[in-house]
Amino acid sequence: MRRSIATVSLSGTLEEKLRAAARAGFDGVEIFENDLVASPLAPREIRALASSLGLGIDLYQPFRDFGGVTEEQLAADLRRAEAKFALMVELGADTLLVCSNTAPDAIDDDALVAEQLYRLAEAARPYGVRIAYEALAWGTHVSTYGHTWDLVRRADHPGLGVCLDSFHVLSRGDDPAGIRDVPGDKIFFLQLADAPRMAMDVLQWSRHHRCFPGQGDFDLAAFTDHVLAAGYDGPLSLEVFNDVFRAADTGRTAADAHRSLALLEDAVLRRREENGDGAPEQLVRLPDPVPPRRFAFVEVAADTSATAEARAVLEALGFTHTRDHRSKPVELWEHGGTRILLNATDPRLGHTWDRAAAITAVGLDTDRPDRALERAGALSAPPLPRRRDPAETDLHAVAAPDGTAVFFCPDAGPGDQAWLDDFSAPAVHHPRDEAGPRLTGIDHIGLHQPFDQFDEAALFYRSVLGLSPSESTDLAAPDGLVRSRALVHRASGLRIALNVSVLGFGEHTRAAGGAQHIALGCEDVFAVAEAMRAHGRPPLRVPDNYYADLAARTDLAPATVERMRAHGVLYDRDPGTGAEFWHCYTPLLDGRLFFEVVQRGAGYEGFGARNTPVRMALHRAERDS
Ligand SMILES: O=C(O)c1ccc(O)c(O)c1
Ligand SMILES: [Mg+2]
């Protein structure tokens with residue numbers, strides 16, 4: 001379908017916004033009055049610029065506080081409207097969004113509002129302008145789409161219809177299914193915004209926390225499906241008021257926005273097919289997601305100064321340096337099927353990331369790397385150019401928003417990873433099942449995100465890899481709130497945890513790229529901790545206070561708590577199922593990266609988040625010492 005975006009959703013000047021929207025692939029824009037008023041460009045020049053960029057101006061907005069006013073006020077409003085209609089003719093915009101009245105003294109009289117809307121539509125007619133009437137969730141008397149439709153029906157003017165905005169409908173908990181009863185040709189415009197669930201004043205929620213579809217908690221596929229079922233075939237237009245996007249890079253946000261609509265269209269299409277409803281042909285299908293099976297590897301870049309320590313820690317965790325890359329200074333470290341690549345000298349080798357990061361790449365075992373790449377491309381994540389020798393495996397990779405390279409590794413079954421041939425034959429022969437504690441694989445990775453890329457990153461992993469996001473939680477770190485959100489592939493158990501400093505500053509921002517981590521699964525966390533100690537790299541020591549609290553709030557036996565204390569093992573339990581979780585941490589490597597060792601009891605789905613503030617305080621103390 002036609003894809004549009006309101007200029008309020010992007011940072012920058014009007015001109016920058018238009019250019020970014022066009023570059024991201026949008027067909028049209030909603031022009032916000034503020035953006036136009038502040039622009040040095042004349043309306044005709046804006047129209048010409050938009051047109052040269054291939055953008056239509058699908059809507060002009062907002063026209064506020066109309067309807068339910070005195071006759072005297074109405075005269076002033078109609079005069080104000082005439083000026084906007086004339087402006088819209090210059091702009092080449094034919095739809096004006098009129099918001100429901102939010103003035104405290106608005107008159108609660110439907111007959112009066114309907115009559116005034118009729119007069120407005122009648123005044124717009126000579127200009128070729130139509131009126132799309134939108135219920136703001138905080139409108140004084142008109143706050144629901146059902147009410148706007150009543151009024152529009154009552155006014156009965158061909159140039160008057162409703163504008164549906166998903167935020168205003170879903171934030172109030174209104175049932176969107178009733179939209180199906182509105183005639184499609186009376187739905188003049190559709191605005192889409194998602195939002196995280198928040199218990200707060202709806203105006204503040206709307207003005208600061210909207211996000212793109214797929215980034216929040218609303219079911220926008222169902223919402224959009226209702227609107228299409230009503231017969232609407234106009235633009236899908238994003239209208240997102242968001243404090244972070246207002247400050248973020250315009251081009252990135254536009255690309256993120258466009259990706260969200262591609263994902264939404266695909267979700268609506270699949271939903272309609274599942275329900276046996278016909279899918280309108282304007283809906284574009286994405287290539288199916290290719291489920292990742294497991295982490296093939298995680299690549300860690302360590303500055304030369306940190307490589308010796310990185311090696312020592314990997315050894316203490318039970319890894320063996322088995323092979324070297326044939327053309328790059330990359331070491332392969334293995335423990336059974338768990339693999340870490342240590343990029344020992346040049347962290348930027350062959351990749352294009354633009355910021356120092358401890359985890360520079362992840363490899364995912366996938367059935368069909370070609371299809372995974374195709375889906376990524378359809379979601380505006382183009383293949384990453386790579387330097388490689390002709391003889392080397394042509395691994396497909398895309399860049400995540402923070403620059404982490406995501407490799408799709410062909411996986412024809414255990415032991416058949418072609419990319420391993422790019423490494424020397426094993427230098428030393430290692431028996432497959434060494435004595436010592438067993439790691440069971442990479443349980444998850446934790447990627448700290450730049451302040452303005454958190455929602456974008458979550459949508460990237462969700463859409464490109466088909467992972468399911470959890471709700472985000474805020475954790476009180478020693479120098480600021482850290483927001484955390486997990487993305488999980490339910491069938492394979494592949495997990496990625498994203499973190500961000502909520503206010504954009506704090507220890508994790510000062511340290512280049514923030515602290516990232518690799519969590520290794522095991523069957524016996526105490527045995528791994530013991531082996532780490534034996535190798536001179538014991539887990540971080542956890543304060544006694546933690547264990548005193550643990551003993552007080554759980555029924556763990558004193559001897560068990562003492563054993564945890566002795567090994568630096570932390571604990572969590574799912575309050576619902578009682579499933580348990582044990583974990584311990586290494587110190588920070590190079591101030592940027594740590595390893596975690598986790599033991600998941602059956603059915604435990606979390607990450608021990610309640611212990612994260614303790615861990616952050618420990619790492620901070622260590623860094624400051
Ligand atoms: O927050 C507002 O005032 C506002 C204005 C125009 C809209 O379309 C909207 O959804 C909200
Ligand atoms: Mg709106």
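Every residue, even glycine, has its Cβ placed from backbone N, Cα and C.
Automatic, uncurated: that is what TrEMBL annotation is.
Cross-referencing GLU72, GLU82, GLU239 with the divalent metal cation binding residues that TrEMBL gives (GLU134, ASP165, GLN191) picks out GLU239.
Cross-referencing GLU374, GLU392, GLU580, GLU596 against the Mg(2+) binding annotation in TrEMBL, which names HIS444, HIS517, picks out GLU596.
Among the binding-site residues ASP165, HIS444, HIS517, GLU596, the residues whose Cβ sits under 6 Å from any atom of ligand 1 are ASP165. Here the candidates are the binding-site residues GLU134, ASP165, GLN191, GLU239, and by Cα distance the one nearest HIS517 (Mg(2+) binding site) turns out to be GLU239. Only GLN191, GLU239, in sequence order, out of the binding-site residues GLN191, GLU239, HIS444, HIS517, GLU596 have a CB under 6 Å from ligand 2. A gap of 34 Å separates the Cα atoms of HIS444 (Mg(2+) binding site) and GLU239 (divalent metal cation binding site). In this structure, GLU239 (divalent metal cation binding site) belongs to neither helix nor strand by DSSP; it is coil. Taking the binding-site residues HIS444, HIS517 in turn and counting surrounding C-beta atoms within 10 angstroms, the largest count is reached at HIS517.
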